[in-house]
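Here the structure is laid out as structure tokens; the discussion comes afterwards.
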Amino acid sequence: MGESDAYYNGGQQQQYNGGYQQQYQPQPPAASYQAPPQQPYQQQPYQQGPPQNGTGNGNGYMPAQGYNANEKGSFDEQFKIAKPKYNDLWAGILLILVFAGFVVVSGLALQGYSANKGNAGDGIYNNKNDFSPNTSTVILFMFVLAVAFVLSYAYVWMARLFPKQFIWVTGILNVCWAIGTAIFYLWRKYWSAGIVFLIFGLFMAFCFWTWISRIPFSALMLKTTIDVSKKYGHVYLVSLIGGIIATAFSAWYAITLVGIYVKYQPAQDNPSCADGGCGKGKVIGLIAFITFAMYWFSEWLKNTIHTTIAGVYGSWYFNPHNFPKDATRASAKRALTYSFGSIALGSLLVAIIQFLRQICNAARNQEGADGSFVGYAIFCCISCLLGLLEWAVEFINRYAFCHIALYGKAYFAAAKDTWKMIKDRGIDALINDCLIGPVLSFGALFIAYACALLAYLYLYFTDPAYNSDGQYTAVVMAFSFLIGFQIANVFTTPISSGIETIFVAAGWDPQVMWRDHPELYNEMVRVYPKVQQVIKDR
């Protein structure tokens with residue numbers, strides 16, 4: 001398991017400096033709950049964190065009221081921040097300004113679209129606009145949104161109803177779908193899309209084959225999070241609300257995108273160009289801005305949902321017999337107030353990388369359409385490198401936001417503390433062997449493939465005049481893929497949030513796992529024996 005193996009096998013106990021907290025000593029419960037028998041060896045809570053934020057309670061983790069079974073405390077009492085403040089406020093303000101800019105651009109674009117509605121058309125066929133995407137494209141995007149919403153919602157419910165079979169079904173269907181659509185595109189001689197989808201399909205088939213041995217552990221963790229979500233908090237309600245917001249914003253983005261083309265695309269028969277306000281550079285610049293804004297807002301929404309759900313699962317882990325009555329509401333409030341800037345900052349880093357990847361993919365598709373295989377290969381390599389960078393930043397984000405959800409620290413400090421804990425505890429071994437993150441990415445890709453295929457078929461059968469030479473096929477498919485992928489990611493966020501929070505919480509205080517969740521701990525040891533080295537036998 002890489003560094004974690006060296007850590008385990010070296011036989012050296014982590015040496016800590018002075019001034020760290022005392023080992024948490026659990027108080028006997030006041031009700032009839034019987035604690036498991038005392039283990040012969042007790043692993044101390046992680047001594048270098050998490051930060052106490054001025055509370056001075058001295059424990060290895062924050063909740064101080066978690067074991068009084070006769071009284072339910074609130075989330076804010078159990079995860080108290082003594083001196084709360086708005087962290088990384090500049091990033092939150094910048095997000096608001098970017099969103100305001102999106103609103104302004106959208107208003108201008110929609111005003112132009114409305115003023116030229118007769119030219120843009122009011123249906124799928126017989127539109128006068130033959131120089132840019134028009135009302136027919138808007139209708140296409142509405143179909144894409146509907147498909148993305150329905151498939152994403154069904155995918156989450158499949159995970160809820162069949163957690164054990166979920167991983168197998170996702171992997172097999174995704175590989176078959178990717179390769180099948182690739183063959184279809186190649187048959188249609190749409191070489192750029194066919195080659196890309198074929199490469200992805202074969203790569204995913206290889207990955208899934210290498211993951212088979214890790215499926216039992218992953219299935220156990222998925223089943224655990226699903227079971228918790230059915231009993232505590234409002235996990236699926238948060239997922240549904242987030243999905244609705246993501247779908248509505250994507251619809252807004254899609255209409256704005258078409259409006260920019262209608263208002264600013266230079267063409268002799270474009271009535272909007274009568275005052276000389278059109279220009280290809282203006283179209284490219286505005287589309288780049290709204291696409292970046294869409295990436296950032298979508299990431300912020302996804303991470304806000306993740307942080308909210310992390311508060312729910314953190315409450316369950318530390319207080320299974322005294323679950324706070326307002327966990328979901330209070331966690332969401334903290335994510336939208338004190339942690340708003342921190343979530344915006346982490347989301348900004350990912351949005352920048354995603355935006356660069358989108359530019360790279362557009363350039364790659366253009367090179368493929370022009371028949372330049374050298375340029376196509378170069379942009380493929382750059383896209384892969386950006387993909388690796390995006391994965392690394394998202395990995396850090398996911399676990400840092402679990403820390404932020406419970407302890408309210410600033411982004412960079414939380415990321416640093418959490419990363420150090422993960423490496424010192426060897427939690428990275430559990431994370432690497434849990435497939436839920438990749439499986440959910442597979443599911444999101446499946447939905448994105450479906451949306452892209454729908455866009456291709458729509459353009460093929462309707463044959464709009466503006467796409468007579470196929471010049472907009474790659475653009476429309478790319479944005480359809482993007483919309484489907486982002487909506488699916490928002491819907492599935494709560495599923496992975498639970499597992500990630502359990503891993504982080506187990507790293508901060510492993511004692512809680514085998515003391516308050518003995519059945520889960522024993523089952524984890526059965527399917528993945530190395531858990532003992534991470535959670536107890538250190």
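Using N, Cα and C of the backbone, Cβ positions are placed for all residues, glycine too.
Per Swiss-Prot, the feature topological domain 'Cytoplasmic' maps to 1-88 (among others); the stated evidence is sequence analysis.
The feature region 'Disordered' is assigned by Swiss-Prot to 1-67.
According to Swiss-Prot, the feature compositional bias 'Low complexity' maps to 1-54.
Residues annotated as transmembrane segment in Swiss-Prot, with sequence analysis given as evidence: 89-109 (among others).
Swiss-Prot lists 110-137 (among others) with the feature topological domain 'Extracellular'. The predicted model assigns the topological domain 'Extracellular' (110-137) a mean pLDDT of 74.
Sequence annotations record features per position, and here Swiss-Prot assigns N-linked glycosylation site to ASN134. In three-state terms derived from DSSP, ASN134 (N-linked glycosylation site) belongs to neither a helical nor a strand segment and is classed as coil.
Summarising the annotation, Swiss-Prot assigns transmembrane segment to 138-158 (among others) and lists sequence analysis as the type of evidence. Among residues of the same chain six or more beyond the transmembrane segment (138-158), those with a C-beta under 8 A of the stretch's C-beta atoms are 123-124, 166, 169, 236, 239-240, 243, 247, 250-251, 254-255, 257-258, 443, 446-447, 450-451, 454-455, 458-459, 476, 479-480, 483-484, 487-488, 490-492, 494-495.
Within its own chain, the topological domain 'Cytoplasmic' (159-165) has Cβ neighbours under 8 Å at 219, 222-223, 226, 229-230, 236, 492, 495, counting only residues six or more beyond its boundaries. Marked as topological domain 'Cytoplasmic' by Swiss-Prot on the basis of sequence analysis: 159-165 (among others).
Per Swiss-Prot, transmembrane segment is recorded for 166-186 (among others), and the stated evidence type is sequence analysis. With a threshold of 8 Å between CB atoms, the same-chain residues lying at least 6 positions outside the transmembrane segment (166-186) that come near it are 158-159, 193-198, 200-202, 204-205, 208, 211, 215, 218-219, 222, 435-436, 439-440, 442-443, 445-446, 449-450, 452-453, 456.
According to DSSP, the secondary structure content of the topological domain 'Extracellular' (187-191) in residues is 2 helix, 0 strand, 3 coil. Positions annotated as topological domain 'Extracellular' by Swiss-Prot: 187-191 (among others).
With a threshold of 8 Å between CB atoms, the same-chain residues lying at least 6 positions outside the transmembrane segment (192-212) that come near it are 171-172, 174-175, 178-179, 181-186, 364-365, 368-369, 376, 380, 435, 438, 442, 445, 449, 452, 456, 474, 477. Annotated transmembrane segment per Swiss-Prot: 192-212 (among others), in sequence order.
The topological domain 'Cytoplasmic' annotation in Swiss-Prot covers 213-239 (among others) and is backed by sequence analysis. Remote same-chain partners of the topological domain 'Cytoplasmic' (213-239), defined as residues 6 or more beyond its termini with a Cβ less than 8 Å from a stretch Cβ, comprise 156, 159-160, 163-164, 166-168, 305, 308-309, 312-313, 315-316, 323, 327-328, 332, 433-436, 439, 491-495, 498-499, 502, 520, 523-524, 527-528.
Under the heading transmembrane segment, Swiss-Prot lists 240-260 (among others).
Broken down with DSSP, the topological domain 'Extracellular' (261-280) shows 10 helix, 0 strand, 10 coil. Under the heading topological domain 'Extracellular', Swiss-Prot lists 261-280 (among others).
Here Swiss-Prot flags 281-301 (among others) as transmembrane segment. Here the transmembrane segment (281-301) has long-range neighbours at 95, 98-99, 101-102, 105-106, 109, 242, 245-246, 249-250, 253, 256-257, 260-261, 264-266, 343-344, 347-348, 350-352, 354-355, 358-359, 486, 489-490, meaning same-chain residues at least 6 beyond its ends whose C-beta is under 8 angstroms from one of its own.
The topological domain 'Cytoplasmic' feature in Swiss-Prot is assigned to 302-335 (among others); the stated evidence is sequence analysis.
Summarised by DSSP class, the composition of the topological domain 'Cytoplasmic' (213-239) is 24 helix, 0 strand, 3 coil. The transmembrane segment (373-393) and the transmembrane segment (435-455) are not in contact, since fewer than 3 Cβ pairs between them lie under 8 Å (pairs 6 or more apart in sequence). Sequence-distant contacts of the transmembrane segment (89-109), counting only residues of its own chain at least 6 positions beyond either end whose CB sits under 8 Å from a CB of the stretch, comprise 252, 255-256, 259-260, 262-264, 286, 289-290, 292-294, 296-297, 300, 340-342, 344-345, 347-348, 411. Long-range contacts of the transmembrane segment (336-356) within its own chain (CB-CB distance under 8 A, at least 6 residues past either end) are made by residues 81, 84-95, 288, 291-292, 295-296, 299-300, 302-304, 307, 386, 389-390, 393-394, 397, 400-401, 404-405, 408-411, 414-415.
All protein chains shown were included, and the count of other CB atoms within 10 Å of the CB of ASN134 (N-linked glycosylation site) stands at 27.
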